Structure formats: C-alpha cells, structure tokens
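Some notes on the structure that comes next.
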C-alpha cells in the first residue's frame, strides 16, 4: 500500500512537472508570436507605398508561404502532412472563415488608418474572447483574469497616446479594424475548441492552403502578376510570408494548444508596444514617456497572466 502511494505521488509530481513545461512553452510561443505580429503593420504600409493592394499582397504571400511550409514540414515532421477528413474540414473553416477574412480586413484597415489605430482595434479581440468564455463556456471570473484584461487595455490606451485625444479617423477603416478583431477572436476560439489535439504545423499549413484557394475566387493569380513586382515589394512579401504568417501563426496555434485562447489573446497585446517602438525607430513616429509607461504596463499585465489558474 505504501509503495502504491509513493508511485501515485511520483506520478503526480511528474504530471505536474510536464504541465509546467507545457505552460512555459505556451507563454513563450505566445510572446514570440505577438512580437512577430507587431512588425506586420509597418511592412504592410511599406508594401502599400509600392502600389500593392491587400488582395495582391495576400495572394503573393500565400503563394510563397505554401511551398516554404511544405518543405519545412517535410524536414521537421513529415507526419504533420497526414490529416483526417474531419480535421481537414476544421482547417478549411479556420482558413476560409477565420484567416482569410481576418487578414483581408486587417490589411484593408491600413488603407484608412495609421498603424497604431489599426493595432488597437485588432486588440479589442481579447475582450471578445473573454465575453465568449464567460457567457458560453461558463468560465469562472476571478480577480486575476479581470485585472489582466483591464490592465492591458489601460496600458494600450496610454501606449497609443489616446489619452491626448483621438484624431478624426475613417469610419470605414474603423469597421475594417473591428471586423478583423471579430474574425481573429473566432480563429482563437475555433482553434481551441476544434483543433486542440492537431499538430500546429498541420493547422497552419492546411488553413493557409484553404485561405489561398478562397482568395483565388476573389482574384485569379494571373491578375496578381500584373502588379509591378519591384525588389522592395518582393522583400516585403517574403517578410510578411515568413515572419508575419508562417512562424507567428504556427506559434499562435501551439500556444493556444498549451494555455488556451483567453491567455493567448491577452498576451497578444504585446503586439501593441512592439508596433509602437518599431514605428518610432523605423517610421520616426513620435514617442512620449507616457506611451513608454503604457507599454511597460502592458508587459507587466502580460507577465501577471502566469498567476491565472
């Protein structure tokens, strides 16, 4: 009997240790994903300045991403290419409904709003995930969850300088930004609910394929190549494909698998200070001490996520 108790105790310790490792991985994946996503706005703006539109950018981005992902999966884990019919259906829904519409609306918003405003609109999605979790999943609402959500919004508010007043902005751009947030929230929730056991590489690869197929309906690829593809635009497409699509989305799906969509959505607010500092150094946008304080507040709030059970 004593030996049995010892074995049970050791097993529990190992299980707790394994869970801790998975949680740590989830936090790291989520942080890295947010930082990489934070570079997107600047690259998209540069691509727009070269005469490209959102559909052309996305189509070229997917055309480049699919073969790179295929080769990467063959090298890393070829078993990830094998997928059941049910999982294939779920990746189709994620790709067509989630990824395609989220990215189209996100990119289109940059035609009407600056990088910071689009970013803050996109990151209203943690509130959407939070509301869904409370209303539909009957999640227990504790102090730490509420604090983390409110703290990130306060930090974002300060980081974007919204305390100084909001300038006149496009209603159309605002709607595109909110719609991007809605579909991004859907992506997080759907991934957690339907694909928690699926390899993140499989999720990303097949969802990108279905996103690409849906874009072909909107614009045939031949039309895309009529775009003037200069060297600067090609570099932007490569960066968007690898560092703003393949890597961050794979990390995002892996993070959701380990720590859930709510924590990932709150940690994702790190994209805002990332975009803010990059805009300061690359686009020479002004930066105040209060904005720096706001960014620090976001980082602190994200760190506090570890206290959530």
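Along the chain as shown, the residues are counted starting at 1.
In case you wondered, yes, glycine gets a Cβ from its N, Cα and C as well.
Owing to the predicted nature of the structure, the values given are computational and were not obtained by experimental measurement.
According to TrEMBL, the feature domain 'EamA' maps to 25-160 (among others).
What TrEMBL lists as domain 'EamA' is 172-304 (among others).
Residues 57, 106-107, 110-111, 115, 118-119, 232-233, 236-237, 239-240, 243-244, 247-249, 251-252, 254-255, 258-259, 263-264, 267-275, 278-279, 282-283, 302, 305-306 of the same chain lie 6 or more positions beyond the ends of the transmembrane segment (27-48) yet place their CB under 8 Å from a CB of it. According to TrEMBL, the transmembrane segment annotation covers 27-48 (among others).
The transmembrane segment annotation in TrEMBL covers 54-76 (among others). Long-range contacts of the transmembrane segment (54-76) within the same chain: residues 44, 47, 103-104, 107-108, 110-111, 201, 204-205, 208-209, 211-212, 215-216, 218-219, 221, 224, 227, 229, 236-238, 240-242, 245-246, each at least 6 residues beyond the stretch ends and with a Cβ under 8 Å from a Cβ of the stretch.
Sequence-distant neighbours of the transmembrane segment (88-109) (same chain, 6+ residues past either end, Cβ-Cβ under 8 Å): 40, 44, 54-55, 57-58, 118, 121-122, 173, 176-177, 179-180, 183-184, 186-187, 190-191, 194-195, 198, 202-203, 206-211, 213-215, 249. Residues or ranges marked as transmembrane segment by TrEMBL: 88-109 (among others).
Beyond the transmembrane segment (115-135), the same-chain residues lying 6 or more positions past its ends with a Cβ under 8 Å from any Cβ of the stretch are 38, 41-42, 45, 106, 109, 141, 145, 149, 152-153, 156, 160-162, 169, 173-174, 177-178, 180-182, 184-185, 188-189, 261-262, 265-266, 268-269, 271-272, 275-276, 279, 283, 285. The transmembrane segment annotation in TrEMBL covers 115-135 (among others).
Among the features that TrEMBL reports, transmembrane segment is placed at 142-162 (among others).
Taken from TrEMBL, the feature transmembrane segment applies to 174-191 (among others).
Sequence annotations record features per position, and here TrEMBL assigns transmembrane segment to 203-220 (among others).
If you look up TrEMBL, you'll see 232-254 (among others) marked as transmembrane segment.
Long-range contacts of the transmembrane segment (266-283) within the same chain: residues 27, 30-31, 33-35, 37-39, 41-42, 45, 115-116, 119-120, 122-123, 125-126, 148-149, 152, 155-156, 159-160, 255, 291, 294-295, 298-299, 301-302, 305, each at least 6 residues beyond the stretch ends and with a Cβ under 8 Å from a Cβ of the stretch. The feature transmembrane segment is assigned by TrEMBL to 266-283 (among others).
Look at TrEMBL and you will find 289-305 (among others) tagged as transmembrane segment.
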Cβ-Cβ under 8 Å with the transmembrane segment (142-162): same-chain residues at least 6 beyond its ends: 116-117, 119-120, 123, 126-127, 130, 262, 266, 269, 272-273, 276, 288, 290-291, 293-302, 304-305, 307-309
Structural state census, the domain 'EamA' (172-304) (DSSP three-state): 113 helix, 0 strand, 20 coil
Tally of residues which DSSP labels helix, strand or coil - the domain 'EamA' (25-160): 111 helix, 0 strand, 25 coil
